[in-house]
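Here's a structure for you.
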């Protein structure tokens with residue numbers, strides 16, 4: 001079990017309190033699909049992903065990005081039991097969707113870049129430490145079924 005300080009909890013909650021889920025979700029997922037094009041293979045049913053412009057304009061990608069952010073909201077609300085909170089989602093991604101678990105880390109990195117850009121100077125070292133810890137726990141929980 002991960003131990004969270006009051007400061008870490010406050011930082012994570014503050015980040016989520018200011019997030020525009022639609023904007024940040026869309027930007028994070030599109031960034032991941034563009035920067036790491038091999039991740040596109042999991043989104044074949046989402047239509048044309050031919051180039052960066054079509055990915056950025058794809059409403060299904062935008063909607064899925066929003067869904068991902070709402071999924072992170074579940075982790076926020078269950079910070080003391082993220083592993084069990086994501087057990088079913090981990091099973092889905094491993095057994096049914098066959099997602100390479102390294103892609104969770106890539107998406108987390110893209111999400112960090114987008115949030116840091118949005119927050120600017122407010123994304124301090126302490127903020128990044130707490131945020132990276134949170135995402136590391138989420139990524140580990142999502143990859144649980146692969147171990």
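Using the three backbone atoms N, Cα and C, a Cβ is placed for every residue, glycine included.
The structure displayed is predicted, hence computed values, not measured ones.
Feature table excerpt (Swiss-Prot):
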type: DOMAIN; residues: 3-147; note: domain 'Globin'
type: BINDING; residues: 64, 93; note: heme b binding site
When you measure from the Cβ of residue 64 (heme b binding site), which residues in the chain that are at least 6 apart have a Cβ under 8 Å away?
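Once residues fewer than 6 apart are set aside, residue 64 (heme b binding site) is near 25, 29, 43, 46.
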Can you give the mean pLDDT for the domain 'Globin' (3-147), rounded to a whole number?
89
